[in-house]
Amino acid sequence: MPIIIDKDLPARKVLQKENIFVMTKERAETQDIRALKIAILNLMPTKQETEAQLLRLIGNTPLQLDVHLLHMESHFSRNVAQDHLMSFYKTFRDIENEKFDGLIITGAPVETLSFEEVDYWEELKRIMEYSKTNVTSTLHICWGAQAGLYYHYGVPKYPLKEKMFGVFEHEVCEQHVKLLQGFDELFFAPHSRHTEVRESDIREVTELTLLANSEEAGVHLVIGQEGRQVFALGHSEYSCDTLKQEYERDRDKGLNIDVPKNYFKHNNPDEKPLVRWRSHGNLLFSNWLNYYVYQETPYIL
């Protein structure tokens with residue numbers, strides 16, 4: 001089923017080439033079913049790439065989604081054209097009196113800072129507090145997951161000696177959880193981060209349930225408030241070449257960066273990446289939308 005996005009959004013052409021069903025607002029308004037209102041708080045500097053990654057996954061479901069892109073009013077984005085933000089994005093102030101079926105909070109390249117040092121932390125806290133009563137379910141990704149775990153439950157993050165960078169095997173910790181419907185007991189997901197949250201801290205919080213963990217990469221999936229809050233420490237939304245682009249960017253800057261683990265064929269960066277997370281990435285997003293958004297949200301928000 002389709003997702004509703006602005007007809008001029010650049011990601012639209014990318015998605016149409018991949019046979020992701022997108023629809024204009026004009027066409028959607030002639031249908032009798034209600035679209036799910038999904039907000040994406042995009043904290044990434046690579047906004048257009050992140051848009052395409054997330055829309056690709058949430059668009060691969062039998063649901064009609066009305067997508068609203070959000071950016072932080074208290075932060076100036078240097079890596080994206082301001083006319084793109086003005087044309088396609090709203091701020092929290094624009095939507096704070098509305099309710100949403102779902103909210104996605106992305107990662108951000110600020111993890112080496114303490115949460116309180118991030119220039120938009122106060123605004124993000126207001127959004128996370130708002131989500132508790134105005135959003136049916138919120139999916140937090142990578143740093144967004146660390147921020148959510150810290151704000152809602154006081155779970156700290158810890159610096160890593162080396163960047164967690166690559167594609168890692170994970171094991172399902174809890175059976176018969178709707179978010180993991182259709183998951184294999186072992187599955188892969190990319191990680192790209194300099195900090196971690198620890199299993200011991202998660203297990204100390206009775207309101208949280210650890211769903212998937214990795215011996216090498218650590219905590220990946222956590223759920224709270226019976227699905228009103230979902231935390232994904234990895235990047236199941238990543239495209240095939242995202243880790244490759246990150247590696248080449250840092251290498252070209254002269255940074256000390258290792259080749260992403262378990263990613264390139266024969267671990268050779270001159271060969272193509274091996275995608276081993278795509279099916280479970282689609283499952284993660286479709287299960288979240290189906291079981292924790294669509295099945296739980298009221299018809300009238």
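Each position is counted from 1, following the chain as shown.
Glycine is treated like the rest: Cβ placed from N, Cα and C.
Among the features that Swiss-Prot reports, active site, acyl-thioester intermediate is placed at C142. Reduced to three states, the DSSP call for C142 (active site, acyl-thioester intermediate) is coil.
Other C-beta atoms found within 10 angstroms of the C-beta of H235 (active site, proton acceptor) number 22, with every protein chain shown included. In the three-state DSSP assignment, the secondary structure recorded for H235 (active site, proton acceptor) is coil. Summarising the annotation, Swiss-Prot assigns active site, proton acceptor to H235 and lists sequence analysis as the type of evidence.
In sequence order, T50, Q53, L54, R56, L57, I141, G281, F285 are the residues near E237 (active site), counting only same-chain partners six or more apart with C-beta under 8 A. If you look up Swiss-Prot, you'll see E237 marked as active site.
Among the features that Swiss-Prot reports, substrate binding site is placed at K163, S192, R249, with the record citing sequence analysis. Using a 10 Å radius centred on the Cβ of S192 (substrate binding site) and all shown protein chains, the other Cβ atoms total 19.
Marked as site 'Important for acyl-CoA specificity' by Swiss-Prot: E111. Secondary structure at E111 (site 'Important for acyl-CoA specificity'), taken from DSSP and collapsed to helix, strand or coil, is coil. For E111 (site 'Important for acyl-CoA specificity'), the count of additional Cβ atoms within 10 Å of its Cβ stands at 20 [all protein chains shown].
Annotated site 'Important for substrate specificity' per Swiss-Prot: S192, in sequence order. DSSP assigns S192 (substrate binding site) to a strand segment in the three-state reduction.
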I'd like the number of other C-beta atoms within 10 A of the C-beta of R249 (substrate binding site), please. 11
Cα-Cα distance, maximum over K163, S192, R249, record's substrate binders, Å: 15
Residue among the recorded positions C142, K163 whose Cβ has the most other Cβ atoms within 10 Å: C142
K163, S192, R249 excluded, remaining Cβ within 8 Å of their centroid (substrate): F165, L243, E246, Y247, D250, I257, P260
Taking Cα atoms as reference points, rank the recorded positions E111, C142, H235 by distance from K163 (substrate binding site) and give the first. E111
Rounded to an integer, what is the Cα-Cα distance in Å between R249 (substrate binding site) and E111 (site 'Important for acyl-CoA specificity')? 18
Is R249 (substrate binding site) helix, strand or coil when read with DSSP? helix
